[in-house]
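**Student:** Dumping the structure here so I can ask a few things about it.
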Amino acid sequence: MSEYSPGGGQQGPQQGGASWGPPPPYQESAPYQQQPPAPREAATQQWGTDDYSAYESGYEEPEGGGEIQLASIPRRAVARLADNLLVAVFGFALILPVTIGIFGLDTSGKKASTDGAVWNWPIIITLFAVLAVLPFAYEAVQLTMSGRTLGKRLMKLGIVRQDPAGTRLTTAQAILRPAVHQVGYQLGFFFFLILAVKVWDYAFYGVALVVAGTVMAYLWAIWDVPFRQAVHDRLAGTLVVDEREYYEG
């Protein structure tokens, strides 16, 4: 029921004691600002470049579980043999016949004419390409891409950094390691070989000495404790790991 004020005006019903009054002035709200979505973290791990740094180094106890497992010497030897056979088959089956077809087996130099040797310069350069340059390129490209060669994939081995332990190789390490043992070891061999066939017979003793030194450089991994590093591993700062532990673990 409506009530009348003393002045005769009609008042509306009161609800909850609230009084009627003018509405508050309109205030503009701040414009809505949408927060940009947080950028997705870029993936740093590339295909085929496993990172074993989550595992402990295992240097003190290489045979312990849950650690970086260093590859055994026999498995490394089989992987190396497989890689060398692949490169040798390709090199000697394709490159050497082409060189012989182009340059022939003509003899050159005093020793070649007297001994009937085939040690002309095209043959020597081709042998260096097959035994040093081609293996270097074969290994450097694969280590840069994935840290493994075909032979090491066959034996489930990988090459990783020594420090930080288990991380992927840098490009410099992937190039330095094969440069040392594929090119560096061969330079001395071919130096004494050329000297022997072109100048001085007794230089063949130098060839034998270089071969013995190369074998020792590889065998260094047998008594190297605790890293099992060959000489080229020490120079490049790399480790050879057994990847079966990570696939099966």
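Glycine too: its Cβ is placed from the backbone N, Cα and C atoms.
These numbers come from a predicted model, not from an experiment.
Got these off TrEMBL a minute ago, pasting:
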COMPBIAS  1-19  compositional bias 'Gly residues'
DOMAIN    71-237  domain 'RDD'
REGION    1-47  region 'Disordered'
TRANSMEM  85-105  transmembrane segment
TRANSMEM  117-138  transmembrane segment
TRANSMEM  179-197  transmembrane segment
TRANSMEM  203-223  transmembrane segment
**Student:** At a C-beta cut-off of under 8 Å, are there same-chain residues at least 6 beyond the transmembrane segment (85-105) that contact it? List them, or none.
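**Tutor:** For the transmembrane segment (85-105), the nonlocal Cβ contacts are 118, 120, 122-123, 126-127, 129-131, 134-135, 138, 150-151.
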**Student:** Averaged over the whole of the domain 'RDD' (71-237), what is the pLDDT?
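**Tutor:** Value for the domain 'RDD' (71-237), mean pLDDT as a whole number: 89.
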